[in-house]
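K.L.:
Sharing the features that TrEMBL gives for it:
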type     : residues  : note
DOMAIN   : A:88-295  : domain 'ABC transmembrane type-1'
REGION   : A:1-24    : region 'Disordered'
TRANSMEM : A:33-53   : transmembrane segment
TRANSMEM : A:92-113  : transmembrane segment
TRANSMEM : A:125-142 : transmembrane segment
TRANSMEM : A:172-193 : transmembrane segment
TRANSMEM : A:226-248 : transmembrane segment
TRANSMEM : A:277-299 : transmembrane segment
Amino acid sequence: MTTVVARPDERTQPPVRPTRGGAKDRWARRAPLLPALIFALVITQIPFLYTLYLSTLSWNALRPGDKPFVGLDNYVTVLTDTRLRSALVNTVLLTAGAVIFSMILGLLLALLLDRKFLGRSVVRTLLITPFLVMPIAAALLWKHAIFNPAYGLINGIFGGSTDWISSYPKGAVIATLVWQWTPFMMLILLAGLQSQSHEVVEAARVDGANAWQIFRRMTLPHLRQYLELGALLGSIYLVNTFDAIFSITQGGPGTATTNLPYEIYLTTFRKFEYGEASAAGVIVVILTIIVATFALRVISGLFKMEEHR
Amino acid sequence: MKRLWGVVAWIAGLVFVFPVIWMVLTSFKQEQDAASNPPSWFFTPTLDQYAQVFDRNITPFLLNSLMASVFSTLLVVALATPAAYALSLRPVAKWTDTLFFFISTKMMPAVAALLPLYLLVKHLGMLDNIWTMVVLYTSMNLPLAVWMMRSFLLEVPREVLEAGEVDGAGLLTSIRRIILPIVSPGLAATALICFIFAWNEFFLAVNLTATNAGTAPIFLVGFISSEGLFLARLCAAATLVSLPVLVAGWLAQNKLVRGLSMGAVK
């Protein structure tokens, strides 16, 4: 990890003048950084330390009296509780579903937009628009105007009286997320396509390679890092999906769409199990760190690539 | 052949934007037109739903969102720009570690911080207070802004900076005359993207605000269980609250991908 992270600075490291000023110069360099650093440390680390502490207490806010220290009991409760496990499974399914489908659609759209045609920039503007609609507004729009069995657009246009949300709760949530996140994937992949060298592609074409061969052998390998970056950034954002669950399904029917953020929200503000909610929060952080480690590796890989270009 | 792909792209674009167009169309309908099956395409447009939304007092929610987004964006830019400078043009010793610390705070799920934040904010008597949201949105957008600003600052040609120094330009002069003109489009894009994220934020707002500091997304919560009885009114409200971000996003669209990827993709 450290080696991957450290590599880009060998190249970007500016030709720093030998440290003449010693301590004084070092502090002059640090000064502009400190306000942001201290702010981030205080606002993000104190709540986390507090979560760690809360996770060791047996504390239900509805139950008056003391909050005894129970060590790791909350973790045992949370990890053996099937609710959290099913929330974890739902999180993975919803995140993976949304990321994979938006990635495929995003790739197709990026390939279309990489061509020259009349009004290309207008089409791009149209395509990014779903991403800009406020997420909860988008979720409610899909819930009421599109999925509604009585007068939603789908049944209105294609007929039938399917209640899309209760019949396919996960599908309904994923469809909404895919609609919002495809533009994000498209933008990243389009940037990747446009960074591909045209001369090399042209040379391959002259040598008799057909379109599919060029895509398969040249474009796709070139796009790999962009695909990875899109998948990881998308996962980081989508793992936290709350708006869509909260407004479209409320986690239901049953617990069919209860993901980790929604489950922890319920534990905190519906069941008032503060200790257990904190333990679940810590577990989510640990899982995030695992995913984020991969994400950082991809991002620093991409930086390396930019340097070498 | 070439023309065919253009047509396909246009169709794809229209399909994707269609729900938004439908939302805007529905917002100009009467409720009975909005709830008709099959969908009504021709109707007499009306502004009734917008009037209704304003009657139900959406204005304070919009103002709260405006305040939270604008002030947090200003604060983010003020904190992130010097920090990005200290991580790019005149770097501190451990600048990679610092950069990755910032991005790691972005990866922390907000849900893990919800309860401690709620308890701390409650303890400080700052629940349902717009300044709480300003501070939280600042910390939410700070990593993004630091990474993004850094990628713009790295575009300042070092030779020009050094030439300026040789000519005796002080730090303030080189910031004003060399750095700012080059990075100001980037600065604007960073600010727009931070504004978008702050304006759209829902999770913290729904849990930490109520009647006083409720932001625009909170106004929409009332429509969750309306079962579409007020579909046209919902669409009017949704159009209204989405409008600022649509404008900001269209303005920033050339730099959007750079911001969303934290400056990793140009």
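The backbone N, Cα and C atoms fix where each Cβ goes, glycine too.
Annotations in TrEMBL come from automatic prediction, not curation.
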K.L.:
With CB pairs under 8 Å as the measure, which of the listed stretches A:125-142, A:172-193, A:226-248, A:277-299 comes out on top against the transmembrane segment (A:33-53)?
P.N.:
A:277-299
K.L.:
Within this structure, do the transmembrane segment (A:172-193) and the transmembrane segment (A:92-113) have 3 or more Cβ pairs under 8 angstroms, counting pairs 6 or more apart in sequence?
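P.N.:
When sequence-distant Cβ pairs are counted, the transmembrane segment (A:172-193) touches the transmembrane segment (A:92-113), since at least 3 lie under 8 Å.
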K.L.:
Hey, which bits of the same chain come close to the transmembrane segment (A:125-142), Cβ under 8 Å, at least six residues off its ends?
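P.N.:
Contacts with the transmembrane segment (A:125-142): 109, 113, 172, 175-176, 179-184, 186-187, 243-244, 246-248.
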